[in-house]
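Here the structure comes first, spelled out in structure tokens, and everything after it is commentary.
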């Protein structure tokens, strides 16, 4: 190439980044510079001059390029003077002629394969590449291999720089493709990628100048080629199209369709007979062989025809099938007849007859398909097809039954089965059976064509070998055989495989098409082609997959086993040969029909060529093909020899990166862009550089993995030996095995679960490698096999005995564990094994290195076999984990003198178990040590990787039992002694500890390292002794009944809490054997307990995971002993916990000054199961330090609250119960939360389980009291009054120890954040998201019953974030309880007959009004106990209103049945969202009634006089749980009941969630008539006039409306206002209540008139209520208390505006409130706190906003100065206007200061909001799935309407047109299909949770070409669905086509734009904000546009998390209520154990 030409490249290619591949350099004409020349230094001045010249040239190039874009469409006149044709390839005249023609007109080039279509394409592409420097050239091919081939051709033919070319396929990421479109000029891609990029707007359509389409004959119908052209035309007509194909089409119509779709202006056609190509084409001999049917095949054919007649005759008799000869009918004709019958059914055929005819059609179609197989492929293919029908794999049940009744068919089928049954099984084995070539078994030729094919192939190889004597030549020949069906491909391959090694055959098929068929993956296909091309195989049997698109090399013989009707298929097959040498084509046809098909195909081919070449009038060409070259310019031909470099295929990025590091010095300059040493230290880097770094001298250019072995590609023995290629190093998978049996050190990224599993396998392999004979591991495990545990449905293979995550462990049989338990206990609570299996599935136990340990103790096992018989059933929990179980037995059975053997190995066992044991049904591995244990056993380790170096490193104490599981360390009597000295040390250290704050995060790593070196164990950790576990003792078993609830997942699979990052070990060893026999405890120990004043461990398994569903194993008959305690100060842990009492075995290793991840208390199930005692909170002083660590948690002993004064008494084992509790004082600045356990407040408390068959007063003389947590969980040290505890229990009940455990030294694990501590935490602390164990503090210990305690779980089920379907959860709870009580004959249903039960309210354990103090809390406030009020309660359910599941005196714990209905907060003009769980859509699916109303049943009428106090108690307790996260309109059930009319209340459709008898129902009704607010007088509704509006059509939506059925629970509301007037509903947005209440829609005018009226009358109706709130609880209570109880002094004139704003906000859909059930309340600063109160309690003042066109309303002025009005054009959702802040709290002590601070804070937020600009273009977001189904909609919006359309992952949404509106597009056929109805409804409900407005566009189905138009028939299902949608508030629009849909979308978006709610934020998120966007999208019920708003409006996630409700509402452009949801979610403090395992580990590691 000339220098001038290179300059053109450099000039016009400057828009590309000019790196190594500039156009000039890459053209191949320049010589590369020598390395020396590049090193020559230039003078500084000259260098600067060169740089400045380059800059000037670059600017000039860009300027010229910009000018060119404006002139002549970007055509370069200087370059356009010539068009270049390469001479480096032989010049062929036909190619030159076609290339010239294609430059100036859209051309279809038809050339036989192998004659240079690719060359012509390269020439045309190169010239357009030159002519249009700023344009794009696009090549499209249907398959990836063709795309890749064309890139290489363009480079090798024309020298187009590789740096300017790019390949894009579906595997390329969309974001990457967008960058490629901008940076590259010549693009090679598949058509679907092009369609996607055009739809996404990534492709610059206007810049495309040349479009080349390969395999153009595919451009039929709506193929992607056609879509691309249609889309491009919408943007520009100025582009050239070049279409390439070997054949134009199968017939004239197809050719015309291709011409029309691709805008073809001319055809360049060359056939094999054309004179100008004869000289260039090799001779291809086509032989047609006609094979007659044999006698056997003819006989079977005759029988088969008789079967066909019997089935087709009935269709012919009914006149639905044409009368023709049965043998001449075809499958296609029957299909056409069936379609005709469906379109025009006969009037005589109705009802069931129509179904019968359809079935007969289906049978006939199947039989005729078999007939064609028989004729073409033979008997075997027919048999395989019939087998699929008869064995049911094809799912044709009716056909199977009908054929089975036909005698002739069964005879034929049995005959075929005898012939081919063996081959059927062989074929099922897949392709691998081919290579075996079993010559012993005779091959059955199912068709005569097979013999002919065999003859042809053998003859070919014989003749070839005769002609080519050399071995190399013999291997060069290739044979390819084509067949249409896989079965015949398999048959041919099996036949030819008998002729090995002459014939090396392989099959080649496509991907798997179904479950039963196994195809080739793409990798396998490429591997087969590669081996075929390289000589691994010489014969390839292929389906149509091999016809086109793959470079299979030169083939000498092509055999077509069947004929193809389409000439295209035949031409493609024939094109595989004759490319480089003479080829031969053999077509084997059966006599008769197949021969006729072939002849017809050849005739069609000839007619097409004749029509195109001779009579051009037949085809209509595109007449407006652009010339592309400006007028006056006629490019002249310039032949040029183009040289090019070596084509380098594109490598994966990782290879390029590695090469760059290997060859970094190649050009003499080091690549400084790479970091020198990465993460290596200087010494490590030197070591790596010296030993491991690959250099050029190593001559290693590539590192490869071992050859992939495919199961389907065998025959490896014949594979030629791989020549060792120099410079290629193959990695080995085995050379590093010596390092793979233990985890190596890690940095930042820990080992994965998969890695640890692999390590465990390697350990076991290594251990078993040296064994001979029997496996020791198997022998060890075998002795523990319980045959009762083995079910017939599952027997685990031996090699899976370690698979603890087995999903198949499900048994319904009573296990040995249950049997053994029942033998030694009077009563038990056992979960079913099936429930256990649910947990086993969730656990992931990693293999442990215990083999060596087991060997050492195997002898002891045998010796202690008898002892073990009695107890191992308890320890061997029902599971399939042999490791942990065996380990426990080993340790138990060891004699005391042998337990200390080999400390290091035992430690090693624990080491491997670190972070490993997660099996809920297994006792964990327990290790024991003597006093001689080294200090290393208590040390902390920096990284878990080092822990595994058992031989080199010391073992850390955090490996000993660091589990969330209960750890049963059973001890013997001889191991017991007291440790009084520890008591003093503990108490002294505790006080010292409390003087510190937790260390900062930055200092923890150093501290941890020091602790790891210096901390020592000072005491012993003893192992259980089996001798003292006797079955005659009673076992204290705890029930874990919440098995099936969704809460089992909350603390995900018993996650180990002691991670490598948490450096201290915190143990909890429950001891539950302290009671008498009826309480399932050991009797002897119980006597000792009484002497010691010790009580049963009440929080036995506090930290047990909720997934645990087996009974709690306990320590039995054990005495206490010394416990290892870490004693350290700063560098060491403080000794804070004491274990003196003889019955408790606690290990307290809690270095509280280091990072300590304790075992947190599971508040969801464990607490529900076993009432907690002595849980406490550390006071706020400990939380105020800014350096408080996120994971710091406090592990407290249950005795640890004893004061320093108690020390001496403690040492003497005080006998007095009262002293133990009375002596507690402010040692820990901790106050015990003493509260009511009233039935109303047991939403928040955990009730103690006691004997249900006895009066509950009969307990020990110990009374405990716990203040209810109405504040932020401050806890006071209280005098704990003793109460009695009954020693005698009745057998058959479940007893769970209670208050005695208050003294149990088994400490309770609580996170530092403690239970529900949100509201009063420090501002600095509020930013932490610590795991919170909720309801831990509310633990009444007195007077409850078993059922209440267990039914607590039902409440918990409904409170978890996961529970969105309460009904299901209730059922699960019921099942869980019933299964729990199965073996104790005590179930929920049986409870009513369980004898007299006295249900004592536990809320009166303290006198009302008692003052409780928090000595060292933040403000030393005085708590005033709430006193009884005579004032009535507005709620209907003041008592313990539990809807019992049965008519039982035992009422389950009260729980809201439905998510909180914040109907006060309904949005401005939406009520689409369903506020009730059972919305009308759900009713439409599953139920008949409307949404259930939560009517609560009073438990007892005797407490009616206390309703007001009860309501306050209930609300106070609610505040602790939901706090600020719920709005003030809390009680949706009572709200709807109280103010609605009688008719509304007596809604017949109301469904109660539980059964209630008539008397109870009447009680509910009578109670509802009275108002507690008016001293139980009757409630009166004073109605005013009704505003009845009559509409002639559906009114348009109002911007502001009042939600239907919403009744304000405010005394301040106007009593004269009727409930009908309160509800203003847009008919298009009606909720499910509307139909029941018959509410009427009000126009904007009516609403405004009503507002004016109410403002005039509001003053007289005003009534204020005032209560005294406790200071500490005021912050929470005012956020949740109903306004009638609070003292909100609202100006009467503002009431209506408050109400209006209530409805200007959205209501929560049913599923979205589940998360709010268990919210905690972190303390926030006063500004945020006050703003939250304002947002929750007082609604903003907003004016009306117009709907479809702007209307100016008068601004409603408020009479109160602080009020602000907003212009009517501004959306209410964006402007939460503050009202009088002080009105939220009448108490001047809190309201005054916060009011003054809050107002400016809110004002600042208003000013910071950026209003959208009116002039900005309208934007619509489109879901990615719409690219395929709604392409024309997208293109019309973008190209025709000029809207900004962005394709985004919208999470199932179709179109988002504004911040609040989503549009779903559905076709009529989808709406008609009742199968999809439920799915569609679920989709709508999903959208309702995210958007305020929903619109559904019902689009008419597109008519396919040639289809007759059918009239649309409405169905009942269709109409009912539309009705339901309208009733649910969904707007329905109808469209006739996609273009009209685009018009509707445009109108909707413009309407939303006018209302100022359009999309105005950038839709593209840069890389640094993409993670924030993903985080926002992870928030439940957050739409993509909301996340996008938050991403752009908030500078960071931290900024959003610290924002107030108003800010979130404004910036996220959401309603106030949606902002509440977001706020609650962000501030919800949850237990990290709820995270999945990997996330939990990653989170903990990331916090290091």
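Including glycine, each Cβ sits where the backbone N, Cα and C put it.
If you look up Swiss-Prot, you'll see 1-45, 1433-1476, 1518-1540, 1668-1809 marked as region 'Disordered'. Per Swiss-Prot, the feature domain 'Helicase ATP-binding' maps to 98-266; the stated evidence is sequence analysis. According to Swiss-Prot, the feature ATP binding site maps to 111, 112, 113, 114, 115, 116, 117, 118. Positions annotated as motif 'DEAH box' by Swiss-Prot: 214-217. Sequence annotations record features per position, and here Swiss-Prot assigns domain 'Helicase C-terminal' to 452-627 based on sequence analysis. Taken from Swiss-Prot, the feature region 'Interaction with CENPS/CENPSX' applies to 661-800, supported by experimental evidence. Sequence annotations record features per position, and here Swiss-Prot assigns region 'Interaction with FAAP24' to 1727-2048.
Listed binding-site residues: 114, 116. The one with the lowest count of other Cβ atoms within 10 Å of its Cβ is 114. For residue 112 (ATP binding site), other Cβ atoms within 10 Å of its Cβ number 21. Under the DSSP three-state reduction, residue 112 (ATP binding site) is assigned to coil, being neither helix nor strand. It is 111 that, of the binding-site residues 111, 115, has its Cβ surrounded by the most other Cβ atoms within 10 Å. Confidence for the motif 'DEAH box' (214-217), expressed as mean pLDDT, is 91. The Cβ of residue 117 (ATP binding site) has 24 other Cβ atoms within 10 Å, all protein chains considered. Remark: of the binding-site residues 113, 118, the most isolated position is 113 (fewest other Cβ atoms within 10 Å of its Cβ). Compute the center of the Cβ atoms of 111, 112, 113, 114, 115, 116, 117, 118, which mark the site for ATP; besides them, the chain residues with Cβ within 8 Å of that center are 246, 575. Look at residue 117 (ATP binding site): DSSP puts it in a helix. Each residue in the motif 'DEAH box' (214-217) gets a DSSP state, and the totals come to 2 helix, 0 strand, 2 coil.
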